[in-house]
Amino acid sequence: MMRETPPGDGAATGAVLASARDLGIARNGRWLVQGIDLCVRRGEIVTLIGPNGSGKSTTAKAVIGLMKADAGSVWRTPGLRIGYVPQKLAMDRTLPLTVARLLTLTHRQPRAAVHAALEAVGIPHLANAQVHGLSGGEFQRALLARAMLRDPDLLVLDEPVQGVDVQGEAALYSLISQIRERTGCGILMISHDLHVVMAATDTVICLNGRVSCRGTPQAVISNPAYQRLFGRTGADMLAVYRHHEDGTAPCGHAGHDHQAEPDEAAPGSQAPTNRPAEARHAG
Amino acid sequence: MLDDFFTRALVAGIGLAVTTGPLGCLVVWRRMAYFGATMAHSALLGVALAFAVDINPMLGVFAVAATVSVALLVLQRSGVLSSDTLMGILAHAALALGLVAITAMSWLRVDLMGLLFGDILAVSVRDIGVLYGGGALVLGVLAWLWRSLLASTVSDELAQAEGLNPERARIAFMLLMAVVIAIAMKIVGILLITALLIIPAATARRLASGPEAMALMASGLGAGAVALGLSGSLAWDTPSGPSIVLAAFALFLLSLIPGRVRRPARSETPP
């Protein structure tokens, strides 16, 4: 369930939850990503954007320990609690699963907490519906409720609005912002386009095998590297979505400068919360 | 009236069906029906090896089934051939090797039909003890690992990211399959073990709205199929293993009848 601490507590300057330094991942003798530096803090939303095959999911998986780094290093706060919305779920139709049961898939949760999570994402009436009958938007909301139900320190959302129409996209992103406000968790998000993400992100990292640019959403859309990657048209459209935000760059990276810097993420510098460290298999 | 051998058969068959229910659901959810068949086909080789080195046939079957599943995993990782091709190769190579090995040991008097199609009416009290011991072990481990197994059925990465251990669950699942094949061989025979795993589970799918309910229903439906099949076998003097499978199939057909199906509909419309 959601944490009781005040909203926005130390946002953007919060403790580093997870970071990657000079991260590289290779498969079949080919680098999928290379030289990635990134860092997610408590209360911060970091969005990875890039074309298909640019290594967004790969990077996110490496950060949460699902893939091993072939170069560089990844660091996570010991005992980091992760909530994950994967890009794909291969759910066989032979598996009967209600929304409420989906929410307790990886961990037991009290009934009231399940209901509150569904309430928070706006689908309390679907608790007993079968997941196979949900629309794209309802399913993504259910997955979001499931991920936040664990009260995670870090939410990792891989394309959280896939299969959702445009109005639904905006609603989901505002929901994601609300989750961050309410729980103070860090969020690492993946999206293939920037325009709807803008209002809901602090830091954007443009990937194309490497980091092509990074910074606040405003800084990124005016960056030539971003415009090369996504074309002028996209950038013009984005102007509409500009918003006010004092974007703080991650780990001291300013603007689109992506030089590797010494990581501030000294293990144990700031204990994640008062939770007991639990046994886990993050690696 | 129930003859003594019939009671033993009933007790053994129901014990097996209760065990195969939840495991069979996992087989169906993970789309591993053919994987189960592959392991079952290797059982004959296990029997042959057990006779050759003079150990309990169940141990031999367990060892060979586990080896085949490990071999399959290794070959899958190499990624040259698709899984279904690999399983087709392993299943039939193991079955052929088992048949050759059994017939090569000419000093043995093996009831080949009994191995292939089961001999439930010859079940001894000791067999029942082994079966219930094995079944309790399988159900215990399943209950212990249920959350990991179910979560990794939906997504390995999700399970792993959120602190579960899908790899351990997968290995345990394969070993449990090997145990079930070892204890089921005498009841329904090598060629029909998979049926007892997947048919009750598929039948339960039409009736259940949650995974746990489906697992329990599969156990109940399997037990019902055993009772019906054995009764039919007694009444019409048909072979017992195939009769049980036919009873399970009949229950499956019944579950398809429209109107008797509880459609898993949405609970209510949005306000």
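Any Cβ shown, glycine's included, is placed from N, Cα and C.
TrEMBL annotations: computationally assigned, not manually curated.
Computed from a predicted structure; not experimentally measured.
Marked as transmembrane segment by TrEMBL: B:6-29, B:34-52, B:58-75, B:87-108, B:128-150, B:171-201, B:213-236, B:243-261.
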In contact by Cβ distance (the transmembrane segment (B:171-201), the transmembrane segment (B:58-75); 3 or more pairs under 8 Å): yes
Chain residues in Cβ proximity to the transmembrane segment (B:128-150) (below 8 Å; excluding those fewer than six residues from its ends, i.e. six or more beyond): 8, 11-12, 15-16, 18-19, 22-23, 26, 29, 58, 159, 164-166, 168-169, 172-173, 176, 179-180, 182-183, 187, 211
Dominant neighbour of the transmembrane segment (B:171-201) in B:6-29, B:34-52, B:87-108, B:213-236, B:243-261, by Cβ pairs under 8 Å: B:6-29
Positions on the same chain near the transmembrane segment (B:34-52), where near means CB under 8 A and six or more residues out: 27, 58-65, 67-69, 72, 84, 87, 90-92, 94-95, 97-99, 101-102, 105, 108, 110, 115-116, 174, 177-178, 181-182, 185, 190-191, 193-194, 197-198
Residues of the parent chain within Cβ reach of the transmembrane segment (B:6-29), under 8 Å, 6 or more residues beyond its termini: 35-36, 120-121, 123-125, 127-128, 131-132, 134-135, 138-139, 142, 149-150, 153, 173, 176-177, 180, 183-184, 187-188, 196-198, 200-202, 204-205, 211, 214-223, 225-227, 229-230, 234, 240, 244
